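What TrEMBL lists as transmembrane segment is B:6-30, B:77-100, B:120-142, B:163-182, B:194-215, B:252-276, B:296-319, B:331-356.
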Amino acid sequence: MHPLFLFLSFVALLSALGVVFTKNPVHSVLFLILTFFTISGHYLLLNAQFLAAVNIIIYAGAIMVLFLFVIMFLNLNELTEPQKPALAKIAAAIAGGSLLLILVAALKDIVPTGAVTGTAFNSQIGMVDQLGLKLYTDFLLPFELASVLFLIAMVGAVMLGKRETGERNF
Amino acid sequence: MIELPALGWQSIVIFVVFALSLLIATYCTYAERVIAAFLQDRVGPDRAGPYGLLQPLADAVKMFTKEEFFPGGANKVLFVVGPCLAMITALMSSAVIPFGNTMSFGNNAFFLQGIEVNIGMLWIFGVVSLGVYGVMIGGWASNNKFSLLGAIRAASQNISYELAMGMSLIAVLMISGTLSLREITLQQSVAGEWQMWNIVKQPLGFIIFLVCAFAETNRTPFDLPECETELVGGYHTEYSSMKLGLYLFSEYVNIFVVSAVMSVLYFGGFNFPFQYELRDWFVNSQGWELNSAQNLITLMGAVGIFLKIFAFIFFFMWIRWTLPRFRYDQLMRLGWTILIPLAVFNIVLTGALILFGVI
């Protein structure tokens, strides 16, 4: 296996464990950001440059900033963290464990595209131009629907930000 | 001669770009004072060295020798990580900026650019969006209410203005059809054609980008994260010695990078008027080889882009000493209800102009 792949996987797993096991929520968020970076590294190894860049911009650059923002406001720490009853912890462990089991069972026999010789696989599909062509030909309708959804969300945000008539705080 | 097997030409370019960003950021601190003095009709720094040129050095010595202070109850690790992150993210983005065209020596040719990737613009955008972490982490780890307020302001300000910035970039993308900054630069000047810089095609997009650039670099009139009249010093209230230095320094590196991005995207990057005519004149009338003429043009282009960058840096400082600071609600309203709708309008307008073949 590629040494870079091993290194990235190692860091990804370690930081993902860090997200769960660290006590401080701010540290959790920072570990999660590190995890996103290693996942972007994996995307780069898989020749998916666009996905790698967008993963950084959206997840590490925007969503995690919002996470951090909220957590800083709440100022959570060990003292204020509510103690969960043992029953809830056991139930969570069982639920999480069975999810892991289902995922492993579902994914263990999967053959990746291109692994079997003879199947057509375009190694350039992760590049920006190829991905764009694919999105605008084969997946045009879902793509446009998603963009309309985003536009609506954005208009909603602007509407919420607008000052209502008569409202004057300063 | 010592052999450096791991270093190719490209690594030398990367190292030079790195050194230049630091040097320019250093002298930005000097330029800021000189320009402030000029605008306020004062003398400015003139004691250290001729014309005060050694002032940045004196500042550095002061910064390094000051007491290193950790506030009580601060998160020690993150308190140190904050300024480091601010500096790292500031320095990372200059990797993809083309500072010049190709240099060729015999059969070897290399770009005056750190790395040429076809996601250059996305890289810049990604790194810019990461820049806020340094401020946020530092402000939170200080365990100070003013720092925390500064950090939270920085976060909401950056997220709000990133949206408009990204959408003004999309309009540039629509006319260029590529994410590679080198390609975008080359498209703005084609041999034998009357080709305009992108500023002519994208005046509205440029203004939106410029306003967002001020907000993303936390410069006046958008310097609310530090805002000394309300928050003492904002996110860096508790910082001292070189950790504070890194924060201030990273701001200047960011200004340099953002100026470079604006030069590349809207002002033709390393192109200058009549460059192809000049090259042909060297080749035809002066009997130069094509390669050496091209190299000379490349070097002149590199000087050109730096002149454009310096002009933008001057503009940043000019604005700082001219305009007062926005109030926080004004800042948010400008971002969400003016800039974002304008950016969407700019995208629609650009699309229509492309559709009807105007640009």
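Cβ coordinates are placed from backbone N, Cα and C, and glycine is handled just like the others.
Residues 14, 17-18, 21, 70-71, 111-117, 120, 123-124, 127-128, 130-131, 133-135, 137-142, 181-182, 185, 238-239, 243-244, 246-247, 249-251, 253-254, 256-257, 260-261, 264, 269-270, 298-299, 301-302, 305-306 of the same chain, all 6+ positions outside the transmembrane segment (B:77-100), place their C-beta atoms under 8 angstroms from a C-beta of that stretch. Proximity of distant same-chain residues to the transmembrane segment (B:331-356), defined by a Cβ-Cβ separation under 8 Å and at least 6 residues beyond the stretch ends, is recorded for 156-157, 160-161, 163-164, 167-168, 170-171, 174-175, 201-202, 204-205, 208, 211-212, 215, 222, 224. Relative to the transmembrane segment (B:6-30), the listed stretch B:296-319 leads the set B:120-142, B:194-215, B:296-319 in CB pairs under 8 A. Under 8 Å from some Cβ of the transmembrane segment (B:296-319) lie the Cβ atoms of residues 24, 28, 31-32, 35-36, 39, 99-103, 112, 214, 217, 219-221, 255-256, 258-260, 262-264, 267-272, 275, 278-279, 282, 288, all in the same chain and six or more residues away from its ends.
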